[in-house]
Structures are given as C-alpha cells and as structure tokens.
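Visitor: Quick one: the structure is below, and I'll ask about it shortly.
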C-alpha cells in the first residue's frame, strides 16, 4: 500500500470496525424542506436560494471552506463591479454575454453567479482550449466583457486587447473573502424564468461549435428533475473533478448540490490518487456522491490495480465505498460493460448510466434504487417527454412514432416494437436557441416543436437504449445497419483490448466497412484473424470488423468522447484507403 494512503486506511479501519460496517440508510427524499416560501419559484437562479443556507459550507477547494453567504456576498460585489465597468445604469446587462475563464474553485462559482446577478448571460471558457478556440467563443458570443482568474490573466490579456473586449481580473477577495460588504442592493427574485442564463458550446462534430443558449428556466428544470430523481439533500457531499464548460460538470455536479444546500469538494483537475484519498478519508465531510465520465473510472481502476493489490485492502476499499458513498454516476460517453462490471467488483457500486446532451440537459436516467441494466439509459426524467421516430415518406404527417413516453411510462405503436429510430425530446429543459444562428435553431426542431437529438435509440425491455450518433455510429454495411457502440461494447470484453473505436469506412463494395481502431493492453498482440475468430462468437457475421487498425492511444476529449469524423480523417487522409485486415 502506498505510504500516502496508509494513515487514512488506519483511521478508517478503526472507525469502520467500531460501527461494524452497518449500512447507512438513505431516507426518502423530501423536496427542499429548508427553502423559504419566497424562493419556491422553480425557475429562480441558484444564487437566490443561497441565502436560505447561510453559514452552511457550499464549497471546499484549495483555498479553504466557503459558505453560501460568502459566495453570495462575493458574487454580489463582483456583479456590482461588472455593472460599474459596463455602465449599466439600472444594474442590468440585459442579457449581454459575459465570458469567464476560471479554475475549478470558488472563483468559477463567483464569476458565474456575478454574471447572472448583473443580468448577463454566462459563457464559461476552458483553460485547456487553444487560443484560437477561446477567441472564437468570445467573438461568436459577442461577449461585452471577459472575467478572468489571476492565473490566466497573462494568457488572456493580449487576446482581449486584440478583440477590443474589456478584461476584468478577479481580486484576492474572490478567493479569500471580501474585504468589504457589497452595497445593499437586493437582487430581484422574480422575472428570471425566460431570461438567458448560459451559453454552452457544442463539441463541433458537424462544423464549428454552436453556442446553445439555455434560460434560467431550462437550467432549473434539469436541476430540479435530477434533485428529485437522484434524491439530493443538503447532507450530500459531492467530489468534483470534471471540466466546467459542459452540462455534466456545471449542471449535474455543481448546480445540483448548490440548489439544495449540499457541499461540493472541488479538485483543480482530475487526479486518480487524490480521488481515492477523498473516497477513503475518515475526515469530514465524507464524500457521498461521485459523477464522472468512463475515462475517469478507467483511470481510477488503473490506479486501483497498481496500488490496491492485497485482498484485505481490496475488501477494505469495497466496504468503505459501499458504506460511505450512496451514488456513483457515469455519463457523457458510452460506458463499456466490462468497465461497469470491474467498477462494481472494486467498489460494490453499479454505476448509474444516464443520457443527456448540451441542448437538452439530462433526459433519461436509470433508477436510483431499482435494478440498473448495463447499457441502458433508463427512462425519462421528470418533465421530459421523448419520442422514437422514423421519417414518414407519405404526406399528412412529418414522421412515424415508434414509441412515446415520459416519467409515467412509454406507449409503443403496434408493429414498431423494438424498432430503432431517431430520439426526439421535448420539455422545459430544452434550450432556447443556438446563439445567433436562427436557421440552425429552426432545423434542430421538428415542425411540431420536438428537438432532434441526432441519436438513434430503441425502446425495449421497458427501457431506452442509445445506439449512437446516427451520423457516425450507425454503420450501413452490405444492406445492414449496425451500431458501432454495440460492437465496441463487445470488443472491450476481449482480454487484449484496452480501448476501441469502431468507425464506418467508405467502401465500394459494402457501402461502409466495419473498422475497429484498437489500443491494446501493454505487452499484448492481436491479429485481424484472431479478432475475427473471437468476434464471431459474440457478434452477428455482418457486424464482425472487416478491418483492424492498431494505435497507441485513441484520442478523446475532456469528456471522454471520440470525434469519429476527425478520427476517420486522421486514419484515412484524402485519397488514401488501407486494405482490409491491416494492422
């Protein structure tokens, strides 16, 4: 056992021995009992609710502990400075965009809340994005101001100067406490519902990233649905390790706990060692909730395999995780079943899989307390309506409905049982528009107002299953349609494969050929012939990869996703095609 974990293990051993590992009972969820009557409007921003939680600890980061009252006061001070700088006489930016670049710490929350308090739309930037992308986001959103943490000031100053956008550096008071109280200027508690709140930029797999503009109502709809379905309470403590420019990191992992008065422990960035230390620490507050992408869970298991080798240590880790942590969630990318099973063996937790995207927040989720089925994304969350459809070549109706459901249940059209189709979503969580792109916004919705996700899905066994992006994950080969994600799930069970991406490569004979891009376990080898022989035992003949490409590493973004269009371009430059079986 590594020395840095020895002390936490000893402390935990005695605390757990004394309690005899009695399972913690998680009581049924009571919706926000601490919320004052004046704040029961479900569409208010999260900072309006902060005063109800006063001196409770909201955040713990490298700078220390920060209460809800402190977050509110510091945010209000910054909001007033923003208004002074921008010259807004009535204290309202009228939805002007405020870009901000902050680390995963208290500065992010203060910048976000201040953007809202001043009447602006928050545009979060990410420090790992290249300068050209940061410039694009600031320019495309037409931000009137850029708020920046001290550590990024030198990097952003030339960029802001070139764009002619004012730069507002954060002061030490944001991190360590205000030296003066904000001017008494109460923030309005009504009128937020339809105002713009945040612009999240999409991954840009079909061109330049688009800014998805969500209102305060949209954000609140996602948050309240998750708070109810996942039983968030003020006693929860979540460990935050994800980037803060996507729905997963911002809404699921930050706004949800702050909505109910819970505590968020923020790491500057992901570290497998630090995550395990937090899981196993006997010091208060102890982690009760964890959410991450599959890549994070994979790296945590790599650390587990290297450092927790003794059986009694593994038993100890499993016991602590089961007793202390009530919920572990995976999302943003498909969760390989072997990874789910290995995590369950190590921690006793079956990861909760869910489905969402930038434009809709969260839409589908496995149950909190009932059985979770690997590979399924469960059923609709509260307030969400979904449809699975196919285009209708006949006049009179825009499409044929295969299945239609909400949180109360799903109705399947006779004759369309277990038929795949495009997933549509409708509800208060669906975004308002693509910023400054009316035509793209219009084409993203059906004529009757449903958002087109671009994902292929199926309803079977009383659950929804995502087959993948229709554009890249549904491969048409020899007259068959096969799911790249399904093939990937099976191939990841091969003992020599550590990562895989399945792509459809244009082919004169088959239309597309199934190509497996594979990263191998260290010291392993794999031929195409061996892979085909193995795959025939788990896949239909037409789904067996006709080509194998071996790579050192499969490129993934910060959320664990593979840009398959870019991967195809990298592996097959214009005019070049490798022969089947290469690798």
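Glycine too: its Cβ is placed from the backbone N, Cα and C atoms.
As listed in Swiss-Prot for this protein:
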TRANSIT   1-27  transit peptide
BINDING   202, 203, 204, 205, 206, 207, 208, 209, 210, 455, 469, 561  ATP binding site
Visitor: Among all protein chains shown, how many Cβ atoms are found within 10 Å of the Cβ of residue 208 (ATP binding site), not counting that one?
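Guide: Counting Cβ neighbours of residue 208 (ATP binding site) within 10 Å gives 10.
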Visitor: Out of 210, 469, which of the binding-site residues has the smallest number of neighbouring Cβ atoms within 10 Å?
Guide: 469
Visitor: Specify the secondary structure state of residue 210 (ATP binding site) as given by DSSP, simplified to three classes.
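Guide: For residue 210 (ATP binding site) - judged by DSSP and reduced to three states - the answer is coil.
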Visitor: Could you list the residues of the same chain, at least six apart in sequence, whose Cβ is under 8 A from the Cβ of residue 202 (ATP binding site)?
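Guide: Once residues fewer than 6 apart are set aside, residue 202 (ATP binding site) is near 209, 210, 211, 212, 358, 359.
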Visitor: Work out the three-state DSSP category of residue 202 (ATP binding site).
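Guide: For residue 202 (ATP binding site) - judged by DSSP and reduced to three states - the answer is coil.
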